[in-house]
Amino acid sequence: MERDIYLIGLNHRTAGVEVRERFALTDCNVLEQGVVPIDDVVSEVLILSTCNRVEILAVGRGPEVVSRVLRGWAAARGQCEHDLAPYVYTHKGHEAVRHLFRVASSLDSMVVGEPQILGQLKDAYRKAIERNCTRVILNRLLHKAFSVAKRVRTETGVASSAVSISYAAVELAKRIFGEMNQYKAMLIGAGEMAELAATHLLHAGISKIYVANRTFERGRELARQFNGEAIHFEDLFERLADADIIISSTGAHEAIIRARDIKDVLRRRKHRPMFFIDIAVPRDIDPDVNNLDNVYLYDIDDLKEVVEENLAQRREEASKALTIVEEETGKFGQWLRSLELQPTIVDLIRRSERIAQDELARTLKRLGPVDDETRDALEAMLSSMVRKLNHEPITFLKRRHSEEDAGPRYIDIARRMFNLDDDNVPPDAHCDRRRHDEDN
């Protein structure tokens, strides 16, 4: 059975944020725990886990690949496979390649054209390489995905008017507060999303930016870039009272802000409104916070309306990008099919060469001693004959194998026609048998 490419995943279209956080694999713990082992069934694996999607790429043999990935994924999160299954999509072969190229090109993102997904995919690939979980197929596929993403960004305008999740968060804040110059914002986390949010907040005219991060030095570095103030993480709840707008984007595995924490903050603020935007998955802020008076909590799924308004501007460019994706998907499919054909070509050439060498040895034995020049001439003649005899069948196989549906059938015919799978009968045995029949 031939190896195939499988993509198993869920995203912002198939699962809400509460489901995505239950099944998030932000630390690639599936690989670390070895619950998708590299063996005869699964030979390569890569995990992409972001706030909007979890996708597992696997190369393997047979339908057991999907069930094994689902079991491992659910087990890694301490969940039941049946709870995961309703939210999952599965792509195989050509469809898996197309989907990955769409993802890498940000055509499948909540924010079409956003640049973060490509960096996240590259990071996932780096981690898979570090754990020795990729081989020739995924290596080729991921490099091709990066190339496709580059083509889309350079040959279309799909990214020219793109917004980021951070931009959408700030736009939502502007709709609530209007003029921003009399309000203060706090960023919890100091990663790429926080940096983008700081950029958009500053552009919107925010009066002050605070940055709270577990690693104080990183928080101070980000605050310095935007003329803000860094806060020690242990002082978070004391300083929350200073902020009107809080945007949280940490990589915590559970909520870091709960309703009981905010009650005291509200008292110290004399119950002035607080606006929380949680763009982390898993979520940083307990949903119960939204039940408090004068507190307004939004999560990443609430940003879709802002994103949809921006989407209309990019639909035409996205259509051009999809044409590129289709073209490159076809090219990769041809390469993958050529990979399937290669063992048959190698076996055919090796069999022909073995027969030629056996015949040469038999001929030299009959001739007796010959000089080196004669021997070289005989070897050159046989080598030329092998190449010329194999040229037509190999060319025919390559041409027919490019036909997606017919390719495997022609491989099977060729292997049977040239007896390439008969391991028990040496290639010269048939010649000896035929010669024996002719002599009698």
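Even glycines carry a Cβ here, placed using N, Cα and C.
Features of the protein shown, as given by Swiss-Prot:
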BINDING   Thr50, Cys51, Asn52, Arg53, Ser109, Glu114, Pro115, Gln116, Gln120  substrate binding site
ACT_SITE  Cys51  active site, nucleophile
SITE      His99  site 'Important for activity'
BINDING   Gly189, Ala190, Gly191, Glu192, Met193, Ala194  NADP(+) binding site
Worksheet entry | Sorted by sequence, non-Gly189, Ala190, Gly191, Glu192, Met193, Ala194 residues with Cβ within 8 Å of centre, NADP(+) | Leu187, Glu195, Leu196, Ala197, Leu222, Ser249, Thr250
Item to complete: Using C-alpha atoms only, work out the spacing between Ala190 (NADP(+) binding site) and Ser109 (substrate binding site) and round it to an integer in Å.
Response: 22
Worksheet item: Near the substrate site, what residues other than Thr50, Cys51, Asn52, Arg53, Ser109, Glu114, Pro115, Gln116, Gln120 in the same chain have a C-beta no further than 8 Å from the centroid of the listed C-beta atoms?
Response: Ser106, Met110, Val111, Ile117, Ile165
Worksheet, complete the sentence: Fewest C-beta neighbours within 10 angstroms among the binding-site residues Thr50, Asn52, Ser109, Gln120 belongs to Gln120
Discussion item. Given a 10 Å Cβ-Cβ cut-off, pick out the one of the binding-site residues Ala190, Gly191, Glu192 that has the most other Cβ atoms nearby.
Written reply: Ala190
Discussion item. Between the Cα atoms of Asn52 (substrate binding site) and Glu192 (NADP(+) binding site), what distance do you get, rounded to the nearest Å?
Written reply: 15
Worksheet item: Over all shown protein chains, what is the count of other CB atoms within 10 A of the CB belonging to Met193 (NADP(+) binding site)?
Response: 22
Discussion item. Counting across all protein chains present, how many other Cβ atoms fall within 10 Å of the Cβ of Pro115 (substrate binding site)?
Written reply: 16
